[in-house]
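Feature list (source: TrEMBL):
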type: ACT_SITE; residues: HIS148; note: active site
type: ACT_SITE; residues: GLU252; note: active site
type: BINDING; residues: ARG52, GLN70, ARG75; note: substrate binding site
Amino acid sequence: MAATSVVVLDRGNNTTCTVNLFGATVVSWRVNNQEQLFVSKQAVFDGKRAIRGGIPFVFPQFGQWAFGPQHGFARVARWHVEKMPERLPSGDVEAVFSLMDDEFTRSMWHFQFRLTYRLILREKELHFNIGVYNPSKELTFSCQLLLHTYFKVPDVRRCQITGMHGCMFIDKTREGAVYQETREVVTVGEWTDRIYQNTMQEHIITNVVSGRKMRIQKYNFPDTVIWNPWSEYAKEIPDFGDDEFPNMVCVEAGRVAAPIVLLPGTAFEASQILQVM
Ligand code: TA6
C-alpha cells in the first residue's frame with residue numbers, strides 16, 4: 001500500500017486535518033498552524049504497523065485479542081474515501097471514510113460490517129461521527145470501539161483532566177484491579193493506563209499546546225482511557241522515542257467496558273467533538 005495516501009481537509013487559515021487511509025488514522029490537526037496531535041518521531045508508516053500517534057481507530061477489539069492484533073484490525077486496514085473533502089456552506093470542511101469486511105478482516109473476524117467515519121473540520125473544532133452497521137440477515141456480532149487520541153502537550157505533568165471524578169476504573173498498571181477515582185481532576189505523573197467507566201460526557205484537558213485547554217465532548221462513548229507509558233514503558237515501545245513521554249497524553253473516548261451488541265440489520269452511532277479553547 002502506498003504509505004503516502006493521505007486526505008487533507010483544509011479550511012484555510014492554516015487550519016487543516018490530515019487523514020492517512022491506513023487505518024483512517026488522523027495524523028495531524030492544525031489550528032491556525034498549531035499542531036494539536038502527537039505523532040512519535042519514531043512512528044512507522046509502512047502500511048503494516050499501526051501509526052504511533054494521531055488518532056488510531058480501535059475496532060472491533062480494545063486491547064489484547066486472541067484472533068488478531070492488539071486493538072483490532074481497523075487501525076491497520078486500508079479505508080475507502082466515501083466523500084472527498086468538501087467545503088460546506090458554513091465554511092467547514094467535511095469528508096467521509098468507510099471500511100467494510102473483506103478477506104483480510106474475515107480472516108480474523110467472520111462477520112459482515114460497515115464502518116462509516118465522518119469528519120468535519122471547523123474553525124477551532126474537529127467533529128467525529130461514527131456509524132457501525134451490521135448488514136447480516138442472521139448473525140449478531142459484539143464489538144468494542146474507541147478513538148485512541150494522542151494529544152500533544154508541552155509537559156504532561158502540568159495537565160489536568162476533568163470528568164472522571166467518582167468513576168470506577170480498571171488500572172492496567174496494577175494487574176487490572178478496579179478502583180474509584182476520588183480526585184476532582186486527574187493528573188499524570190507516572191506510568192498511567194486506566195479504563196474509566198461511565199465518565200462525564202465532557203472532559204477538559206488543561207495545558208495542552210500553547211498553554212490552551214482542549215475540550216472533549218463525547219456521545220454514546222461512555223468510557224475514557226487515559227494512557228502514558230512514562231519512562232519505563234517508553235523504552236519498550238520500538239516506535240516511540242524514549243524521551244517523548246512528557247509530550248503526549250492519550251485521552252481516549254470509547255465503548256470498551258460493555259461491548260456493543262449489534263443484531264442483524266441494526267446500527268450503532270457515536271460521536272466526539274474536540275475543541276481548542
Ligand atoms: O489505550 C491504552 C493502551 O491499551 C495501553 O495499554 C497501551 O498498550 C497502548 O494502548 C498502546 O497500545 P499499542 O498497541 O498501540 O502499542
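Yeah, the Cβs are placed from backbone N, Cα and C, and that goes for glycine too.
Note that the structure is predicted; figures quoted are calculated from it, not measured.
Positions of the features from TrEMBL, shown on the structure.
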| residue | record | Cβ within 10 Å |
| --- | --- | --- |
| ARG52 | substrate binding site | 23 |
| GLN70 | substrate binding site | 12 |
| ARG75 | substrate binding site | 23 |
| HIS148 | active site | 23 |
| GLU252 | active site | 24 |
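Contact annotation for binding-site residues (ARG52, GLN70, ARG75) versus ligand 1: GLN70, each with CB under 6 Å from a ligand atom. Take the Cα of HIS148 (active site) and measure to each of the recorded positions GLN70, ARG75, GLU252: the nearest one is GLU252.
If you measure from the Cα atom of GLN70 (substrate binding site) to that of GLU252 (active site), you get 16 Å. Cα spacing between ARG52 (substrate binding site) and GLU252 (active site): 14 Å, rounded to the nearest whole number. What surrounds the substrate site, by Cβ distance within 8 Å of the Cβ centroid and not counting ARG52, GLN70, ARG75, is the set ARG49, ALA50, ILE51, PRO56, PRO69, HIS71, VAL76, HIS148 from the same chain. A separation of roughly 14 Å, to the nearest angstrom, links the Cα atoms of GLU252 (active site) and ARG75 (substrate binding site).
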